[in-house]
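Note sheet for the following structure.
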């Protein structure tokens with residue numbers, strides 16, 4: 001079973017993927033974690049590495065190759081990745097897109113990173129613009145095209161455990177119908 005969770009920053013990808021990993025006994029893989037490790041190793045902030053990645057496609061390719069390798073060789077995993085749904089749509093059993101309003105996402109990020117709300121908004125806008133430019137230029141991926149996803153969930157008014165229950169119910173429905 002390969003489940004891919006995608007979505008913009010602050011949508012709840014990591015939190016929900018970790019809950020599902022535990023509930024379904026799946027190995028948790030985070031593209032964001034790999035990206036953050038690279039930023040730390042390079043002595044850069046996430047925004048700085050995003051800007052560097054706009055100039056150097058190899059940064060994204062390296063991370064995406066590693067995620068693709070893992071998805072191609074391991075089973076029983078859940079992958080959390082901004083663009084995983086697009087890149088892994090032919091490998092994944094189920095692709096899920098989580099979204100939330102920019103205000104809710106900024107509140108979550110401000111709380112998580114202990115930064116002012118306005119700074120969180122600025123970071124979200126910068127990261128999303130960087131992602132949109134890079135992924136369209138490098139892969140031809142339009143981040144507004146959600147047609148590749150099996151399930152799209154607005155997380156504004158839902159708790160992480162509620163979101164995971166929705167995904168688990170969908171998964172059980174699809175398995176019962178033998179569709180994936």
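Placement of Cβ uses the backbone N, Cα and C atoms for every residue, glycine included.
Noted in Swiss-Prot for the protein shown:
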{"type": "BINDING", "residues": "7, 8, 9, 10, 11, 12, 13, 14, 15", "note": "ATP binding site"}
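Mapped onto this structure are the features recorded in Swiss-Prot.
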residue	record	contacts (Cβ under 8 Å, 6+ apart)
7	ATP binding site	13, 82, 97, 98, 99
9	ATP binding site	82, 105, 109, 123, 124, 127, 128
11	ATP binding site	98, 99, 100, 105, 155
15	ATP binding site	160
Secondary structure at residue 9 (ATP binding site), reduced by DSSP to three states: coil
Cβ neighbours of residue 13 (ATP binding site) where a neighbour is any other Cβ within 10 Å: 26
DSSP state at residue 15 (ATP binding site), helix/strand/coil: helix
